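Participant: Pasting in a structure now, in structure tokens, and then I'll have a few things to ask.
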Amino acid sequence: MLRRGLLPDRRAYTAALARLPPSRALRLFDALLHHLRHHHNKTNSLPDTAAFNAALSACADAGDCIRFRHLFDQMPAWNAPPDALTYNVLIKMCARAGRKDLVARVLHRILSSGLTPCATTFHSLVAAYVGFGDIPTAERIVQAMRERRTDICLLFRAVADDHIISHDQQSCVLEDIVKPWEQDEVPLLPKAYPPNSRVYTTLMKGYMNAGRVEDVVAMLRAMRREGETSPASRPDHVTYTTVISTLVAAGDMERARAVLEEMGQAGVAASRVTYNVLIKGYCQQLQAGKAKELLAVDMAEAGIQPDVVTYNTLIDGCVLTDDSAGAVALFNEMRERGIAPSAVSYTTLMKAFAASGQPKLAHKVFDEMEKDPRVAVDRAAWNMLVEAYCRLGLLESAKKVVERMKARGVQPDVATYGSLAKGIAVARRPGEALLLWEEIKEKEVDGEVVEALADVCVRAALFRKALEMVARMEEMGVEPNKAKYKRMYVDLHSRMFTSKHASQARQDRRRERKRAAEAFKFWLGLPNSYYATDWRLQDDGLN
């Protein structure tokens, strides 16, 4: 529309801003403001406070403090004064910037600006402190709300004084918006704001994140009691799903299922998300039968249709139980129901074939994924195909996949190199280990990759390279398993260089290998020729 010189109605583009990813939303809003500066007569298109709030929310989601301040400062020029929702978004921005001290000042700013906070204001404040992991402060806010206090700003003044922290330069631009505490008199709320189910559930999520299972369950009971006299406090489907998620994470499927039954007795309908959480829990507990029963019986009776997440979770459950046939059956059932597979669906099915030692079938799934116009082949899919071949030590096939991957513009990452290293270890190909080591030794890789290559080199008596690798592991802060390498050396190489009948020429050729072996034994703490001398491996520069 903008390219054709057409300006959309503000309600239309405000809705678009709220739905787009942050970067695209901000680009769109900048383009709109640019066009509108030359068309002030288009009153239906001029941005209002709601439009600015949507753009500010995108800034908060992106963590862009400077852009937030720039847009906030433009609001008066467009006759779009900040409202309570603007400051709710500011709470989110300050939380995203890690500024506890500024979050504590926002309520004071709302009241001093003559605005009336809303219930969402207090939810945003509780959510901010839960996000900080500061559960005690979140609890104090909720308790003050339960006591119907109107002087909650006193609480926030104390909180602000307790959280004097260092901060980055970007977040400094937010300081002038909230302003420091200057007045001795603390403004009062125009009315009490008792906590609703949304506020309680947010605090409950804080308990869940902290692993406080019993506090989560106790809060559900308290909400049910309070809900008898205050309907706004009654647990809703989000509350019950949070409790079920907490119990699933704790591995307590029996109690999680009991909460589902309690949910039904309370007249609260379970959502698809609720069932997906339970299905995932059963799959993690290797109880795929109960997970499938939830889909076939409970969800069907409740009239809830499964989605791609439901099936992806079940397929992954089959992977955990080495049931590749079950994974294929679920994948086909999903498509028969008209549910389009996602990239995760294809990759998880490939994982099932990789785990069962069927790389060719994994490759067929990959080829089918490439043909599906609805799905983009991502790095995870490439890596799963590489892993499928490497599990069986089929290095040539794996290397062809990597070359094809590079040709498509997808560069190998830690997972790719990890699979290759494990494949080399399975195939016991020391030459490949040396080639891969030369490729990755200057890259950012994890200790497991280097350790797998070191294992191959130790087995092949390539002690110089093995010492390079264990030195790199130590630099990375990964402690090499010396006990393992001692066993490997004693079992495989303890009789090396002991032959008394080798020719002089042969002895000369193996002299350097013997020096490297003695250095490796020194590192292991085994008897060696270096104990009484200062030694150094020449050429390598390794001490």
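The backbone N, Cα and C atoms fix where each Cβ goes, glycine too.
Below, the features straight out of TrEMBL:
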type   : residues : note
REPEAT : 48-82    : repeat 'PPR'
REPEAT : 83-117   : repeat 'PPR'
REPEAT : 196-230  : repeat 'PPR'
REPEAT : 236-270  : repeat 'PPR'
REPEAT : 271-306  : repeat 'PPR'
REPEAT : 307-341  : repeat 'PPR'
REPEAT : 342-372  : repeat 'PPR'
REPEAT : 378-412  : repeat 'PPR'
REPEAT : 446-480  : repeat 'PPR'
Participant: Tell me, what is the mean pLDDT of the repeat 'PPR' (446-480)?
Facilitator: 90
Participant: Please indicate, using numbers and ranges, the residues of the same chain that are 6 or more beyond the repeat 'PPR' (236-270) and have a C-beta under 8 Å from a C-beta there.
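Facilitator: Long-range Cβ neighbours of the repeat 'PPR' (236-270): 197-198, 200-201, 204-205, 207-208, 211, 213, 216-217, 220, 223-224, 277-278, 280-282, 284-285, 287, 290, 302, 304.
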Participant: May I ask for the residues of the chain that lie six or more residues beyond the repeat 'PPR' (342-372) and have a Cβ under 8 Å from a Cβ within it?
Facilitator: 308, 311-312, 315-316, 318-319, 322-324, 327-328, 331, 334, 378, 380-381, 384-385, 387-389, 391-392, 394, 397
Participant: By a Cβ-Cβ criterion of under 8 Å, what residues six or more beyond either terminus of the repeat 'PPR' (48-82) are in contact with it?
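Facilitator: Sequence-distant neighbours of the repeat 'PPR' (48-82): 10, 13-14, 17-18, 20, 22-23, 25-26, 29, 33, 89-90, 92-93, 96-97, 113, 115, 170-171, 173-174, 177.
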Participant: Can you break down the repeat 'PPR' (83-117) into helix, strand and coil residue counts using DSSP?
Facilitator: 26 helix, 0 strand, 9 coil
Participant: Restricting to the same chain and to residues at least six past its boundaries, which positions have a Cβ under 8 Å from a Cβ of the repeat 'PPR' (271-306)?
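Facilitator: Sequence-remote neighbours of the repeat 'PPR' (271-306) are 237, 240-241, 244-245, 247-248, 251, 253, 256-257, 260, 263, 313-314, 316-318, 320-321, 323, 326, 334, 337, 339.
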Participant: Which residue counts does DSSP yield for the repeat 'PPR' (271-306) in the helix, strand and coil classes, in that order?
Facilitator: 28 helix, 0 strand, 8 coil
